[in-house]
Amino acid sequence: MARTTFLVSVSLFVSAVLARTVEYGLKISDGEIAPDGVKRNATLVNGGYPGPLIFANKGDTLKVKVQNKLTNPEMYRTTSIHWHGLLQHRNADDDGPSFVTQCPIVPRESYTYTIPLDDQTGTYWYHSHLSSQYVDGLRGPLVIYDPKDPHRRLYDVDDEKTVLIIGDWYHESSKAILASGNITRQRPVSATINGKGRFDPDNTPANPDTLYTLKVKRGKRYRLRVINSSEIASFRFSVEGHKVTVIAADGVSTKPYQVDAFDILAGQRIDCVVEANQEPDTYWINAPLTNVPNKTAQALLVYEEDRRPYHPPKGPYRKWSVSEAIIKYWNHKHKHGRGLLSGHGGLKARMIEGSHHLHSRSVVKRQNETTTVVMDESKLVPLEYPGAACGSKPADLVLDLTFGLNFATGHWMINGIPYESPKIPTLLKILTDEDGVTESDFTKEEHTVILPKNKCIEFNIKGNSGIPITHPVHLHGHTWDVVQFGNNPPNYVNPPRRDVVGSTDAGVRIQFKTDNPGPWFLHCHIDWHLEEGFAMVFAEAPEAVKGGPKSVAVDSQWEGLCGKYDNWLKSNPGQL
């Protein structure tokens, strides 16, 4: 995970007198790689997977020039980048989702994202937000350091080596998987940590050539920034023989919480401290998939004091048996819809019915977990400004968001509507409106709901699909307070604060304040489900987007994106 060259020098832990502009360059290209030992064509960032670590300090401004060098017609050739978790105050034009806040960047063109970081700190990531493109490799870590980190006394080491970006992996392109209409091909074949993994762990040695290796010194404490950059996979993360102390979730510092392991869904981030307090040896960093059978991401933790030649860990790496509910999900005979995020209209989903019958004998038997302390997400207490967004008062506006699956078409829906990308980006529609933005300005398929400004909003997110899987739901432009999980008692005093929350059919209730005008995408972070319609847009205070102290001011390069994209479509009809 090589770091790009800074154009402006940044001191990580020395408080700056003035905020700086930190510049990066990302070249998006096609190339052949084999992160798990099997070669495939992928979408690369600066020639690699994952992309380089982007980092800066609290208060800095990021300027990231993205150059599109994509040429392979069997892959997506246009692109856009989303900066997951960054709030983008007055900056919705650089949030990144194609056809929501911008038109895509076409081949042989570039676009520079300028992002004031303001008071945000923590662990984030960036990824393509064009159809399912990030599945093919366009993803990387992003960290905003706090020179006055309130947890600084808890760790000794926090650098690029302790950033762990985990991701599921496929041996065929996402475009081909979507075109097949076969749900069984949505199952990842392996998983990686910092771009290394083993497709066939039983016949591939575990060593620093095949697995990411973190070297530690006995007695030191390491801040691990764990990022789940997966398309669908959720993981249970642990370090063999060591406890971990959770200190942040989704960029929000939390009260320290010591556990043996924690679950992390697609899009989520967990910061934890591990103390190197065991006998010098080699230990597994384990991340078995909890929603896909018989797959595990691994890395190695090696004590520098162990002077012996390299040797693998003594014990087997942790395996995990998926629940019967997950087996039921992969056994469901439902069609797989596609084509809803094209942005150019006219695509009709060609769907093939698919099912995968998993015999119980093929699933690893569940290990005895009675002595393992696993993080309870409901116990994540924000370190600063705890409390629900609405306080003890009722929300100003309560919206029920019920997700479900149309088994006939294979499309996921929210409140009965599968989202489909518009031809004109939502933000552009808002900015060019002359007579007051209303919901009638958007088609039913765009599924855009207007939120009033400076109000406390409550979403009741629940499902009626009957499919027992946890959906990682993400809202751009905000963090939210999770005041209730399922039928558990609500918590308005110190609820968890995140930007991705897992929801089953039983549901969750979340609260946030509409203090950030812009069109913000809400969607399932299982990218197949997003592509199949599990999304909608909240146009927050649209009149304030057009004018006033919180307005979004676009520049000429942003204004030129759609014209370039329209011209590209003329010679590449029906493509992305």
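Each residue, glycine too, has its Cβ placed from N, Cα and C.
Feature list (source: Swiss-Prot):
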SIGNAL    1-19  signal peptide
CARBOHYD  Asn41  N-linked glycosylation site
BINDING   His84, His127, His525  Cu cation 2 binding site
BINDING   His129, His476, His523  Cu cation 3 binding site
CARBOHYD  Asn182  N-linked glycosylation site
CARBOHYD  Asn228  N-linked glycosylation site
CARBOHYD  Asn294  N-linked glycosylation site
CARBOHYD  Asn368  N-linked glycosylation site
DOMAIN    376-576  domain 'Plastocyanin-like 3'
Proximal residue to His523 (Cu cation 3 binding site) among recorded positions Asn41, His84, Asn182, Asn228, Asn294 (C-alpha distance): His84
Three-class DSSP secondary structure - His476 (Cu cation 3 binding site): coil
Reduced DSSP assignment, Asn41 (N-linked glycosylation site): strand
Least buried by Cβ count (within 10 Å) of the binding-site residues His84, His525: His525
Assigned conformation of His127 (Cu cation 2 binding site) - DSSP reduced to three states: strand
Around the Cβ of Asn294 (N-linked glycosylation site), the count of other Cβ atoms that are within 10 Å: 14
Other CB atoms within 10 A, centred on Asn228 (N-linked glycosylation site): 28
Shortest C-alpha distance to His476 (Cu cation 3 binding site) - which of the recorded positions Asn41, His84, His127, Asn182: His84
